[in-house]
Amino acid sequence: MGARASVLSGGKLDAWEKIRLRPGGKKKYRLKHLVWASRELERFALNPGLLETPEGCLQIIEQIQPAIKTGTEELKSLFNLVAVLYCVHRKIDVKDTKEALDKIEEIQNKSQQKTQQAAADKEKDNKVSQNYPIVQNAQGQMVHQAISPRTLNAWVKVVEEKAFSPEVIPMFSALSEGATPQDLNAMLNTVGGHQAAMQMLKDTINEEAAEWDRVHPVHAGPIPPGQMREPRGSDIAGTTSTLQEQIAWMTGNPAIPVGDIYKRWIILGLNKIVRMYSPVSILDIKQGPKEPFRDYVDRFFKTLRAEQATQDVKNWMTETLLVQNANPDCKTILRALGQGASIEEMMTACQGVGGPSHKARVLAEAMSQVTNTNTAIMMQKGNFKGQRKFVKCFNCGKEGHIARNCRAPRKKGCWKCGREGHQMKDCTERQAKFFRENLAFQQREARKFSPEQARTNSPTSRELRVRRGDDPLSEAGAAEGQGTSLSFPQITLWQRPLVTVKIEGQLREALLDTGADDTVLEEINLPGKWKPKMIGGIGGFIKVRQYEQVAIEICGKKAIGTVLVGPTPVNIIGRNILTQIGCTLNFPISPIETVPVKLKPGMDGPKVKQWPLTEEKIKALTEICTEMEKEGKISRIGPENPYSTPIFAIKKKDSTKWRKLVDFRELNKRTQDFWEVQLGIPHPAGLKKKKSVSVLDVGDAYFSVPLDKEFRKYTAFTIPSINNETPGIRYQYNVLPQGWKGSPAIFQSSMTKILAPFREQNPEMVIYQYMDDLYVGSDLEIGQHRAKIEELRAHLLKWGFTTPDKKHQKEPPFLWMGYELHPDKWTVQTVKLPEKDSWTVNDIQKLVGKLNWASQIYPNIKVKQLCKLLRGAKALTDIIPLTKEAELELAENREILREPIHGVYYDPSKDLIAEIRKQGQGQWTYQIYQEPFKNLKTGKYAKMRTAHTNDIKQLTEAVQKISTESIVIWGKIPKFRLPIQKETWETWWTEYWQATWIPEWEFVNTPHLVKLWYQLETEPIAGAETYYIDGAANRETKLGKAGYVTDRGKQKVVSLTETTNQKTELQAIYLALQDSGLEVNIVTDSQYALGIIQAQPDKSESELVNQIIEELIKKEKVYLSWVPAHKGIGGNEQVDKLVSSGVRKVLFLDGIDKAQEEHERYHNNWRAVASDFNLPPIVAKEIVASCDKCQLKGEAMHGQVDCSPGIWQLDCTHLEGQVILVAVHVASGYIEAEVIPAETGKETAYFLLKLASRWPVKVIHTDNGSNFTSAAVKAACWWADIQQEFGIPYNPQSQGVVESMNKELKKIIGQVRDQAEHLKTAVQMAVFIHNFKRKGGIGGYSAGERIIDIIATDIQTKELQKQISNIQKFRVYYRDSRDPIWKGPAKLLWKGEGAVVIQDNSEIKVVPRREAKIIRDYGKQMAGDDCVASRQDED
């Protein structure tokens, strides 16, 4: 560290530590930043010594600067640090990083001209090239020095470790400094195994080479003598030029830097590859259920910076996607904050919010009163009939449970003889001799388990075990027992438990019988007196002699008791002796199958150092871990495990006990992702009414499930010692740890598998499972129901899951998942709003959480005003004064919660009805019921998805939200009762350009009816004045103009400041509305303004739009039309010139007429128009929008579908009384469609076979129509090896892709229908247009191009996988020039013409082909002295 920290010294270091990281920030640069920068430079193969001089800093800046745009945050931080360091070296006074960057930019701009002039002078002087690969020999000739294996090795390492992440580009730039095209090709060949990436790179090089040839045409005529030919594109790429030609071009006068040109092409290709290999889209950034909001915002903006989009689009993404992709808890608060909230306000409002922990806090407070009451009642009901006798487990040594309930692991090995290496069925021992040492007897320590032991190794049979009982022995027995090493036999019941026993010194073979009361032996001579007795058995009564005080020894354990001697068919040791020696009948826990877990590819386990802990925390952790080790939950490990995760301890709430916490954040980052088994919590409104109900809780849920053996090493942690007195104690987990990301998913999956057999055997039992909470309901009588519950508990216990009695709820009301369940109704657990004189931010957050929870059954609850209080950057402890509106809202909510409200249970035989009511201020409430005044569920909706909206749009959004919620809870959509008249709805619906599906509904006359405040005409108004409006603004000066020209000669222009083009267009509409009569025609060339007004908003966040709405309401009739700009339309051209004067430059474009002509024929979308005719997107959109057939509706809104190349969706749609069968390739959007004679299975199967003969079809997804479920379709699927999947009934979203394509196809058919006589012709024309004349989506392709690209890529990927698997069958023996001894075998990674890339242990090397021998790996074989690597067959 000393060497690295010596970059600055004395006064320079003082100056360095005064510079701030950010303008106005508190943090300043420190010495540690220089140490970090040195390490980063080593990673990028740059010399850290360059930091010591200003010249070196400039060199680093020149290397890093080209990669800043695509680089990571670490790369940008490194660039900023070097810029500041340069200023310190040069003694340039800067206060923060931003000033330093400005200085660097200024210096670079000033020196640019000097550098160019110096370069020109250098060329004139014809000095020797100093480029590294081209050197001057002793004769003065320019010769090539081949790129070194060390450089190639470094490049291969970069690609293998970074996997084409953004850091690859600066590394390539640094390693290829001054290289010739031949050197660059050598570098590319060493990573040729990445075929997909290399193909992309090759395509980019070919495109750039073609562009070079186009820009540099060949000169006519022969080349003059002594003059070199000019390089073509293929010459620069090194394919048609020699090394000597490349050197001549690079060192000539004037020089043609073919190496640098080719390098630039490669970097362009690498940029494309980086984007492909790091496909992080802003749409994929979503907040996890437990992720803090601040972390989510950091990830969001990090990805946003990398997005290729304009600033306007990025602003829109911030306003819309940031809230949309937040988790439900944060989303509720963010939406209540409204559109105008800043990032700081959002982050303050969402402090400590989100995930189950937040819900738990809300529920815990709501339950506090109930829990306290119940605890008191339980204590009063306690039965204190006598002191309970404690039992002790002989498996782990702990008191309080017996061995069959023990969770500690069982010992491995044969269950009969105890030895490892074979199973019981292969055992040759005649009788059990499985002795365990260190019994858990009284006054003895529990046996220790080996670290690798786990429950997964436990036997699955019943077994008989012998242990020391509680009954006291005689003095002789006790004395003798104390001197004997006690052992522990374990006998399985696969065979009869026969053992050899010693009775008064005589050996006999006897059966251990736990069902027999007495010990009965065949004829044996025993000393002492006896008395006659008659005993009953299965075969009748027999006469026996009864001997008292007989000494018996069984498996080394002694007992004294009564023995009966008589004609018994087999010697029996009964319970009178077995209880003395502590024999028990055990039911070992069945093994739970472990789920295999891996780290993310290319990652290693966490190596985070343990931070120091206080003495009391170390003592607490030591005690906790000792207990956990005894129970088998964790195991001790040695120094061979290199991984580490920090642990700490906190005190439990309202307790003196400590709780162990493990900081698994680093491991969670490195662990593979898991699919959430359960996407939400079950809701009581979806429960069916049941006669009998029970609620169970699984104790120590995670610790009952074993962790994958191969993954355990990564959970290692250390308990340090005080003052480092001794090395820390190291442990690893054997079971699922708390806080690890995989625990919830694995536990849910394991629990589901375990419950599956019980569910199959007891279909009458309904089990709702969420984590460790179980709701069990049935229509059985209470006695039968409770018997089944005990069966379920026993079933769970067999797998190691205990269900504690204290959490077993048998009588209503049942407390479950935060709800209170009664036999015929349900409610949320008691919600009490606190009474406070002053409210902090944290108090209001908790209050909003409680109210949101209560709103699912209490109607009309509002939180908007309370959420407004959370705006602004405030700390959690800041006191917030309540506004009058918030106080009123809180008082109303208190009144609503005063009377308890209950919901009822679902009846499948009755219809669902959803009624929505408007509350005003953009807030809505809804009630879902089956009978009036008996609500199943209530809720509220207060979203404002766009800046300008109206009540009808909000109502539509609320309907869609309730539909989705209903499908999740009940599996069907309710009938809706909406506060809007049919006429109002139809008027808006037919005009609204982006209409979406909503279900069946009827009008309900409730207060706050929804209505349209104004209506736009569909045709021009005869006799009304026509206003041609326009607006323009200058982006730099923010100055603008808005105005109009009328058909009657009126005109007006106003000047505006601090405005934009969009604002001026809206201002022009406002001017026209202000100055016009009650009826007016308005013509605009702005799609933006037209889109806002045509949606008929009645409220907006924009003050200007609200003013426009007020003017529209005053008018009797308004007609608003759009015309394309700059097309010579009279009034539009006049007003354009009027407002453009001195503000903007008008751009006239060629190709518009051809684009319009093609659009009129094919009705292609705007992306295809822009691509085919090289037009800007805004012009292409205007052409499409001006088409009367394409202006009916907007384009479909695209979602995200996870799909593979072989999946197709099929559906039938109807048009003109005929059936059209449509097939859509999900991944590409490619369509195949035909008009079929009838909707039958036969026609469908024939269509499916035609589809399979043209395209690779692996899976088809259809609805449950009779033609798709027919035997003919099943037969076709069987023959063509196609898997058929079905959608969800009543759920249109399950067939979303094909449903969307049906609408799209019908729209295109409508556009071309007048060009065809028959429908079947129009269908094929529409399919052609969709597949080949509409571009967009992934890659900007048409659907036809995209499907071919996807299939070709799939084939290439499969071939690549085959090659990789084939090449891994070979091993390489190699040597280098310095050491003639052969080394190996190493793993073959890639084989080229002149060299091979190998992996020896963890090191990747490039070895010349002549120094390597490649040998097929035939597995492990015994090699003799004459078996030498060089004699084997080479590849």
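Yeah, the Cβs are placed from backbone N, Cα and C, and that goes for glycine too.
The record from Swiss-Prot ties D1211, D1263 to Mg(2+) 3, and of the options E1234, E1239, E1299 it ties E1299 to that site too. Record note: among 122-169, 506-553, 1322-1369, 1370-1417, 1370-1417 is the stretch given as DNA-binding region by Swiss-Prot. Check Swiss-Prot against the ranges 189-227, 657-695, 1047-1085 and you find region 'Interaction with human PPIA/CYPA and NUP153' recorded for 189-227.
Counting residues 6+ beyond its ends, the region 'Interaction with human PPIA/CYPA and NUP153' (189-227) has Cβ neighbours under 8 Å at 152, 155-156, 159, 164, 233-234, 236-237, 261-262, 265-266, 268-270, 272-273, 276-277, 1353, 1356-1357, 1360, 1363-1364, 1367, 1389-1390, 1392-1393, 1395, 1397, 1406 in the same chain. Across the region 'Interaction with host CALM1' (8-43), the model assigns an average pLDDT of 85. Taken residue by residue, the region 'Interaction with host CALM1' (8-43) breaks down under DSSP into 19 helix, 2 strand, 15 coil. The region 'Interaction with human PPIA/CYPA and NUP153' (189-227): residue composition by secondary structure is 23 helix, 0 strand, 16 coil, according to DSSP.
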